[in-house]
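Asker: Okay, here's the structure, questions in a sec.
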């Protein structure tokens, strides 16, 4: 006999936990099923731009995270073409600079996930629960797990990453290879690292490296280069033409829009997804007391279509921009290298800010 749940979220990553917390803030219970035997805190840190902080504030966890991570004051981009050693492009984020409206920090993955899960009611996340198959069951979806148990869900949300079982069920292709490889890490200095609160990135032919201060003692770093072992992303046109939603099923986060890390928007966009999805479902399921199963199913379908409509073009822009920035900045060709270093440097440095200006809105529609 399967257990019956209103909303099942597959994957306890950033998108899944943000969606669950958003629903909880709106008074809707969800169950998050996670394949691993505990919270997946592996990984190091990620950039959180202004759009991410708007999402974090929407679910009420922005302030505690701000207290643990420094506001970055500057983004510096430098290339080998500058013999003098001066940066090719620079963006200031202090209170008097032209980007003063932006908020820019480097957040530790563990800290964010633990903050999200600690805000959820006990029992919201069920670990060691890998999804093995999905099938139709009237107005619900039957989700079969690796331990032999099954869940009957009125709403099924896939937040289970690039190899998502839910994305596969929706008919998406596997993510494509883009020809670049990235190594990331972090360093901890017990007595303080002494680095400025800035994001520094260095570009050379086929290589990029960068370092960012998370706080006074932690540094996040990355190294990207061309390789036969390649990063994954979803083709932008598949986002426009594919099924982000289907009846009472949808996807979010990397299951929806895996992208290259070139503009630091992967985690930020997952946070956006969670807010928009929770809001759309909250609107759909408002005042459902006494509602028939057929009417509830219809309203869920409308809610998920609203989510897909709102997120489709945003995801398309993010994936396209990230790929373009990475392709140009890591180019080996003489023409592109010249354009990158002498003509496009300021433009490329400004693109992340343009993407960061997006506002996903509040949890409750005004």
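Sequential numbering from 1, following the chain as shown.
The backbone N, Cα and C atoms fix where each Cβ goes, glycine too.
Got these off TrEMBL a minute ago, pasting:
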DOMAIN    6-177  domain 'FAD-binding'
DOMAIN    243-297  domain 'FAD-binding'
Asker: How many of the residues that make up the domain 'FAD-binding' (243-297) does DSSP mark as helix, as strand and as coil?
Answerer: 30 helix, 5 strand, 20 coil
Asker: Can you tell me the mean pLDDT for the domain 'FAD-binding' (6-177)?
Answerer: 88
